[in-house]
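Trainee: So Swiss-Prot says this about it:
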DOMAIN    80-179  domain 'Fe2OG dioxygenase'
BINDING   H98, D100, H160  Fe cation binding site
BINDING   R170  2-oxoglutarate binding site
Amino acid sequence: MLLHIPNVLNAEQLRLVRERLDQAGDAWVDGRATAGYQGAPVKRNQQIAEHTPVARELGDVILASIERNPLFISAVLPNQVYPPLFNRYEGGMQFGSHVDGAVRVLPNGVKLRTDVSVTLFISDPADYDGGELVIEDTYGVQQVKLPAGDMIVYPATSLHQVTPVTRGARIASFFWVQSLVRSDTQRAMLFDMDTAIQRLNASHADDTARRSLVGIYHNLLRTWSET
C-alpha cells in the first residue's frame, strides 16, 4: 500500500527543520555511509550523519508529529520506528533503483525489521527540478513529488529510486518502521476496515453493526500482530 499523508509538519516545524539543516555544516556527509551492499554503488547524495545532535533534535520533531497523526498510525501500525535520517540531493545527485535492506540496527542494538519505508518532503517542489521518488508496486510505477511537510509511506519491499536533481536542492527525511503487522496485504485490509469504521462513527450508523466491525478489526489485529 502506497499512501500520501499530508501536513505531517506544519509551517513552523518546517521553518525550524530547514534552519537547522542549513546550519548543519560538517554534519552533512557522503550518503553512501548508510547504504547497503546493493545500494552503495547507485547512491549519490548527502546525509546528516546519524546520531549527531542535529539529527536527534530534528528526528524528535518528526517522531512527535507522527505519534499524533491518526492516518499514519492507522496505515502503518507502528511497533518500532528507526530514528529519522535526512538527505540532500543537488547538482545531478540521484539514487538508482534498489530495495531497502531488510533489517536495521537501532542505537540500543535492537534489530528492526523494515516493513514500511517513509519519506517526508522538506523542500518545496518548486525549489528543485527532478528528484522524483519513483516506486514500483503491484499497480505499476508511481512517481512521487509532494509538498513540503507531506509524507509518503510504502512497503519496504518495493523497488524504488530518486531521479537526478538538475536544479536546486531536494531535502527530505526518511526512515523505516517495523509494523505490528508485517504483511502489507494484511495492513492494507486493516487500514481499509479502520477507515470504514471511522466513516460509520461519523455517520451515526447502526451501533450494533459498528461494534461488530470494531470487534472483527481487533480480532484480526490480535491474530496478525507481532509485538
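Placement of Cβ uses the backbone N, Cα and C atoms for every residue, glycine included.
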Trainee: Give the sequence-ordered set of same-chain residues, not counting H98, D100, H160, with Cβ within 8 Å of the centre of the Cβ atoms defining the Fe cation site.
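Mentor: Checked against the 8 Å cutoff, the neighbours are G39, F95, S97, V99, S117, A156, S158, L159, Q161.
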Trainee: For the domain 'Fe2OG dioxygenase' (80-179), DSSP counts of helix, strand and coil?
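Mentor: Taking each residue of the domain 'Fe2OG dioxygenase' (80-179) in turn, the totals are 3 helix, 62 strand, 35 coil.
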Trainee: Roughly how many Å lie between the Cα atoms of D100 (Fe cation binding site) and R170 (2-oxoglutarate binding site), rounded to a whole value?
Mentor: 20
Trainee: Pick from H98, H160, R170: which of these binding-site residues has the biggest number of other Cβ atoms within 10 Å of its Cβ?
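Mentor: Comparing the binding-site residues H98, H160, R170, the most crowded Cβ belongs to R170.
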Trainee: Grab the pLDDT values for the domain 'Fe2OG dioxygenase' (80-179) and give me their mean, rounded.
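Mentor: Taking every residue in the domain 'Fe2OG dioxygenase' (80-179) and averaging pLDDT yields 97.
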Trainee: Using a 10 Å radius around its CB, how many other CB atoms surround D100 (Fe cation binding site)?
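Mentor: There are 20 of them.
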Trainee: Could you round the CA separation between H98 (Fe cation binding site) and the residue listed as '2-oxoglutarate binding site' to a whole angstrom and send it over?
Mentor: 19
